[in-house]
Each structure stands twice: as structure tokens, then as C-alpha cells.
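A.B. asks: Have a look at this one before I ask anything.
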Amino acid sequence: MGGVALDVGDSRVKAPDGGWGWAVLAGCFVITGFSYAFPKAISVFFKELIREFGVGYSDTAWISSILLAMLYGTGPLCSVLVNRLGCRPVMMVGGLFASLGMILASFATSIIHIYLTAGVITGLGLALNFQPSLIMLNRYFSEKRPLANGLSAAGSPVALCCLSPLGQVLQYQYGWRGGFLILGGILLNCCVCGALMKPLVAPKNLKAKSFEEDNDKEEEVKEEKKKSKAKLLDFSVFKDGGFVIYTVAASIMVLGLFVPPVFVVSYAKELGNEDTKSALLLTILGFIDIFARPTCGIIAGLKWVRPRCVYLFSFAMLFNGVTDLIGSQAKDYASLVVFCVFFGVSYGMVGALQFEVLMAIVGTEKFSSAIGLVLLMEAIAVLVGPPGAGRLLDATKKYMYVFLLAGSEVVLSAVVLATCNFFFIKRKPQEPSHKLECITVTDDTKTEVCSRPLEVNDEEEKGEREEQEKETKREVSKELKEEEEKDKEKVDEVRPKSVTVDSQEVEKFLKEPQLNGGMTPSPETCL
């Protein structure tokens, strides 16, 4: 299938950092928005569901919980499917599942039916779109990848600002059944986004002799790569200390990261504010989040910052945790507004950096397996975090302790990530740039090849790169000279050979006319 060419692509292929990559980025923007905002936007229908089926709010809240659990918990399954079938077909099938789940939910006769349709089926469909879209974004962008991740992550707050009001309008005009049916149709756009995920294909007639070294080491590396590509789920990522540290820190972070947005509106109501005024806090948070994510992506892409993006991610987590700790002391609406502003900035920073850091740690080849395993670990934390905070609230009746717990968990994750990376992880050298080529994809059969070398950020590798370029130029010049010599030889073979005549023989021939019938030949006839 077409996607397999991408997932087992040649390591010499360089990300285009543009071109069709911007279309891929647009698809990732939409998919990220649906994946993160849909579980929250569907909550506008909860009151109608409570009235329809005679259940409690906690029963309807399980719909969003199941959606998130499917989004995170099916990570390994998505990794296996992507490694087996490719990103594009997995995403298009996922779009059909996401739409089918909401359409079937519109015919539900009990809350259990909605759990299975809107929760399990739609959640699985969104998961089959979310993870492959990140994998494709990683392969299409390299130098501009932090910016691309920031812009893609901005899809979450944008979609939340659009889907929540849309859900209210649909509920008012068509009821919850009609609203579910229309949302199911909207989710078919996931198939369109999946169609945009064009695989990166290396050119068929690529002259790569000047970029290869004839030694046994490279052959062994290629054989090892082929063996690793055959794996459906690569567990060797756990041998990487950086990946293990990231997974532990991210799991701790998720315990408290999603708690404040869930409880901030109720916190404001408890302080005596109106419902509409309290709900405005989420709008403020989302508006700040929209601009914070791409801005953080630009900062993370700076020459000095990018090699240290792990520590920028740690700072973002620390910033978020400290904001929760300070926000726990809020006593009026104005202080909650300030809290939402700072929380929106820190939350946007975390959202823009979390997958960028993972990509930087494991690389392109193992990212499809790594993200699946990370999401599985985070799924456990997602199911434990908000419900645990709810139980703490029931026991203490104070939101202050909920925010203190959430802030402490996020701060702990920042400390774990920063300190462990500083003391236990050594910086890995980058791969030589002369082995990579810039491939710009126009379609599945047409590929433009750029022979320019990759730009290396580290000044220490510039000297080595220049020497390698000189050697490459020498080899290319030798090949060109050999081809010229071969062409000359061919021309000489085709050209008619001239007849050489000895001058002494000509003179002798002229002096003996009797041998020529008594006639004296002219020099021209002799020749």
C-alpha cells in the first residue's frame, strides 16, 4: 500500500519543511482539534441526556471519560496499524469509525448504547486519526518542526471555541439526536484530512553513489534497520533512558494537568459568581491558549533553544504547576481571571512542546511506536487524575486542596524530567548531514530532489561537514571525468580513420612509371 513507503522510508530522505507539508499541517490542525475538543464539546448535551434517560451527571460524564480513555489507551494498537498499513489508510478508516459512532448514538435507547457508540466507537476513530497525524507531521517537518507542532496544537483551543457554541445551537434547533447526527457528518472531515497525508516517496532513479561508503559497517546498520522496520511495535524504545524519563514525567504530569480546566468553572460558582460569568473563564483560557501554542513553537525552534527543548518543556510544566499552586488561593473573580490568563499561557506551552520533545528524543524511525506506548501510560493517569481530584473535593469540600494537589503533581513531573535529563542523559551527536537529501513531494510519482546538504545547528560539526562535502565533490568530479573520457573514446571509434602514407614509398612509386602502365600518376591519385 502507499503508506508503507513512508513508514519504512529511507533514512537518507530529508523532511521537505514546506511544500505539501503545509497541507499535512492543516490536516493535523483539524484532527488535533477534533481529538481534544470533542470530548469537552459533547458535554453540552449532558442535561438533555440526563432528562432523556433519567440518569445522573456522573453517568453522563463517563461519555467524555471513555472518549479520552480510547484516545490515549489505544496508542499501541494505532502504532501496530500504522507500522503495518501506513498512516493514510488508518486515518481514513478512523474517520469512518468516528462518524459512525455519533450516527449510531443518535438512535440510542439507553445510556449504555451511548457509551458503546459515542464513547468506544467514536473514541477509537479519533485515536486512529490523532496518532498517525502526529507521525506524518514529524516526517514532513524537521527544521520547522517546533513551529509546526505549535500550530498543530493550536487546533485544540480553536476547535473548542467553535464546537461548544455549535453544539448548543444544534441542541436548541434539532435536539440531542439531531445534534449527534450532524456532528457525525462533521467528523467525516477526518477522512478528508487523512487523504492529505501523502507518503514521502524516495525517487526511483536516485544517484546516491556519492553519498554512500563501501564498508561493512554501513551494511550491518542497514540490515539492523530492516529487521527493526519489520516490527509492528518496537519495544526497544524502553532501552533509551531519555524515553523512560519522558514517559514517567509525562504520566505524572497528566495526573494534574487536566484538573484545573474541569473545576475552575465550579470554583467560580462557589465564590458566588453567575453561570455565564463563570463559564467566561474557560473562554479566556482558550483564547490565551490559541496564541500561546504557536508562539511557544517559534521560541522552541530558535537555534539556541532547540537543542535544549527538554528543559524548556520542564520550565513549561513548572510554570503550569506553580500557577495551580498560586491559583488555589484565589478569593474573588478577578484573581480567577488572572489565574486563567497565566494557566492558558503555561497550558499552551505544554501542549506545543510535549510531542516535539518526544520526537526529539526517539527520532522519526521509532516515533510511531514510542507515541503509542506513551499514550497508553498516560491513559492510566487520565482515568485516575480527574476522578481522584473529584473524590478529594467530596472529602474536603474545598477547591483549594484540589488545585494544590494538581499543582504539586505537575511540579513533581517538571523536577523529574529536568533533573534526570541533566544527570543521567548524555547529548547524542547528530547524524552526518551528507547522507541525507531533501525530498519535496508533489505526488506519488513525481518527486523533486535537492542536492543541498542539511543545515547543521551545532558549530562543532561544521568543520566535519565541510570535509565530508569536499570528499563528496572530489568523488563526483572523478565520476564526471571518467564519463567524459568514455565519451571521447566512443567519438573516436565512430570517427573515420585517416590513411597514413610513407613519403619515401610515394617518391619511389613516382620514379617507376613502367609499373603503372607507362603513366606518371599525380600525388593526388596516390593518396
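Yeah, the Cβs are placed from backbone N, Cα and C, and that goes for glycine too.
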A.B. asks: I'm validating the feature mapping. Which of 96-118, 280-302 is tagged transmembrane segment in TrEMBL?
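C.D. replies: Comparing 96-118, 280-302 with TrEMBL, transmembrane segment matches 280-302.
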A.B. asks: Would you mind listing the long-range same-chain contacts of the transmembrane segment (243-268), meaning Cβ under 8 Å and 6+ residues beyond its ends?
C.D. replies: 237, 277-279, 281-282, 285, 317, 320-321, 324, 327, 330, 333, 336, 339-340, 343, 347, 350, 354, 357-358, 361-362, 370, 373-374, 377-378, 380-382, 384-386, 388-389, 393, 399, 402-403, 405-410, 412-414, 416-417, 420-421, 424-425
A.B. asks: Based on Cβ pairs under 8 Å, which of the stretches 147-166, 309-327, 333-355, 367-387 lies most in contact with the transmembrane segment (280-302)?
C.D. replies: 333-355
A.B. asks: With the transmembrane segment (367-387) as the reference, which stretch in 20-39, 60-82, 147-166, 333-355, 399-425 has the largest tally of C-beta pairs below 8 Å?
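C.D. replies: The listed stretch sharing the most Cβ pairs with the transmembrane segment (367-387) is 60-82.
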A.B. asks: For the transmembrane segment (20-39) and the transmembrane segment (333-355), check the count of CB pairs under 8 Å (sequence separation 6 or more) and say whether it reaches 3 or more.
C.D. replies: no
A.B. asks: May I ask whether the transmembrane segment (333-355) has at least three C-beta pairs under 8 Å with the transmembrane segment (147-166), counting pairs 6 or more apart in sequence?
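C.D. replies: In contact, yes.
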